[in-house]
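Here TrEMBL flags 6-27, 39-65, 85-103, 115-132, 144-168, 180-200, 220-239, 251-269, 311-331, 338-359 as transmembrane segment. What TrEMBL records for 176-267 is domain 'Copper resistance protein D'.
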Amino acid sequence: MIYVLSEALLYVCFALLTGACVLAIVPERKKPIIQMSDTILTWAVLGIVVLSSVQVIKLIIFFRVNLGYEIGYITFTVLSDYKIGNAWFVTIFAAMGILYFLGLKPDSKMLSYKWIGISVFNFFLVLAMGWASHSATVHEWIGFAAHTLHFLAAIVWIGVMLVIGWFVKEVVHWKAFLRWFTPLAIGCVLVTIAAGLLLMSKVTPNYLNSWISSYGQAMLIKHLLIVPILGLALLNTFLFRKVASNPLPWLKTEGIFVVVLFAVTAFMGQQSPVHEDLEEFIKEVGPSPLFLSVAGNDLKQVIPLSFSPDALSITLFLIAVLGLYIGLYMAWKKQRTLWSLAASAFFVVCGYLSLMFAVA
């Protein structure tokens, strides 16, 4: 649990720092008034350093406990020979650069380059994150590029949304903000989807069979969570263009689901993906308890998985879509964020059961 929590918080820190970088280079007349202190950004940077070290420590502990290596030797080996260790050194270097710019005095000659410097070093942090990923380790440069693009596009979109939702002091220039943020968000979503599909083709070539594993279950729930997040994004973009409607509570609601999405993604990152030999994977790792609770314990009847929707699964799918639509519509009409939260959760549960009953 500590590894999942640390990685989820790591994503939040990255999103806040990246969102602040994007908004800092946008002219004042094209964004709301934001009150986000350098102290918060400092904590975000320190959080990235500390939280990214958790995975390094996890690997060191694994070698120490399971293989009996001497702690000093294996620590040096992980930091010098493994990508995750190399990436952590880059993380420390980039974090020191960001902290330097955050600590500039008001009369410093470097102050005019503050956000340029922070943005450059933040990009190095993102590159280090991609280099340390499982995709980069297994699939070399293609995995590194796909993971980095996927992660960067996600934190740019989500980061701006989180900063606007939680750190806006006064909602002004809202239409001007939406004019540049809407195409940026759409572009980021498209890049995230494209890079995500490339990663899936490499890590889980058989998406359906991956549902047997905890990795696949988390990935399925993650994909279901994206739908209401995009639905809330559409509300924020097209239906709440007037400042009088106060878009901030809706952005905060969307932010709640994003944090849940980060948690699911973090859990997924701690699991083993399904390889080509499904039966061998089940012997080595075992099926997901969540999958077994729906499909039952007799895996021989469902392996390999096939998608065969029946009346129940189709009905649940229609209920999920209709529930999401009605919930978001009522949220818009009544201006109550609770409707959107309930509808989104309802969609994820019913959508999940619909898909699982279609294969179980």
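Residue 1 is the first one shown; counting continues down the chain.
From the backbone N, Cα and C atoms, a Cβ is placed for every residue, glycine too.
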The answer for the transmembrane segment (144-168), taking Cβ pairs under 8 Å and residues 6+ beyond its ends, is 11-12, 14-23, 31-36, 40, 126-127, 129-131, 133, 135-136, 177, 181, 184-185, 187-189, 191-192, 195-196, 198-199, 202, 233, 248, 251-252, 254-255, 258
Tell me, please, if the transmembrane segment (6-27) and the transmembrane segment (338-359) are in contact, taking contact as 3+ Cβ pairs under 8 Å between residues separated by 6 or more positions?
-> no
Secondary structure split (DSSP) over the domain 'Copper resistance protein D' (176-267) reads 81 helix, 0 strand, 11 coil
Task: Given the cut-off of 8 Å on Cβ pairs that are 6 or more apart in sequence, determine whether the transmembrane segment (338-359) and the transmembrane segment (220-239) share at least 3 such pairs.
output: yes
Can you work out whether the transmembrane segment (115-132) touches the transmembrane segment (39-65), with the criterion being 3+ CB pairs under 8 Å where the paired residues are 6 or more apart along the chain? yes
Spatial neighbours of the transmembrane segment (180-200) not adjacent in sequence (6+ beyond its ends, CB under 8 Å) are 22, 26, 30, 135, 142-143, 146-147, 149-150, 153-154, 156-157, 160-161, 207, 219, 230, 233, 237
Sequence-distant contacts of the transmembrane segment (311-331), meaning Cβ under 8 Å and at least 6 residues beyond its ends, amount to 227-228, 231-232, 235, 337-340, 342-344, 346-347, 349-351, 353-355, 357-358
Across the domain 'Copper resistance protein D' (176-267), the model's average pLDDT, rounded to a whole number, is 82
